[in-house]
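Q: Okay, handing you the structure first.
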Amino acid sequence: MNLPPRAPSMRYADRIHTKLTQALAPVTLIVDDQSAAHAGHGGAAPGGETHFEVTVVSTAFAGKSRVARQRLVYDILKDELAERVHALSLKTLTPEEVAQG
Amino acid sequence: MDKTVEERIRRDITENDVVLYMKGTPVFPQCGFSAAVVQVLSHLGVKFKGIDILVDPALRQGIKEFTNWPTIPQLYVKGEFLGGCDIVRDMYESGELVQLLAEKGIAAQAAA
């Protein structure tokens, strides 16, 4: 007997969204999968989900340097980076910085 | 991390004011993010040493551990990690990069 295929595990975009929401309680969170634009070159893979652009606005970044902010995000997403995500372009801002424009 | 790799990184970032760990070479970058940083540095007329991590698997892994940063490119200025592509681009656009280079005594020309 052939069993139907399993439901695909949660998509990476959703995993990224869920983990960042839980860890940073962001005011704004945009997870943009740009894999299609990178298809066919370094790090791209069939099925996409390799290149993401993420914008996070969170009070968790207050008082932290740019490097410290990105390290925080990389650490939250270390499994995703290790498993599949090849490129993660980040915008990390505090609500105050957004208000200042 | 391999001791020789660590020593090599320390030596490179100590002996050179500006070091870019990248995919490919400054003339032929193999990745858009590395290319973007090369473009910024070139535009500012900053002399830098580009190190191609694609030709050295031990260095490719080693630099990620050394910096505690999972992605390439990585830019070092005067032995200090400045950031990857996003940070370099942000700092360039805000003018902070030119300011920082000036503070560190590294020749650069303000973007026209």
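Every residue number used here counts from 1 along the chain in the order it is shown.
Glycine too: its Cβ is placed from the backbone N, Cα and C atoms.
Sharing the record's features from TrEMBL:
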type	residues	note
DOMAIN	B:18-81	domain 'Glutaredoxin'
BINDING	B:CYS31	[2Fe-2S] cluster binding site
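Looking at the shown structure, what environment does each listed feature sit in?
A: Taking the domain 'Glutaredoxin' (B:18-81) as a whole, pLDDT averages 96 in the prediction.
Around the Cβ of B:CYS31 ([2Fe-2S] cluster binding site), the number of neighbouring Cβ atoms within 10 Å comes to 21.
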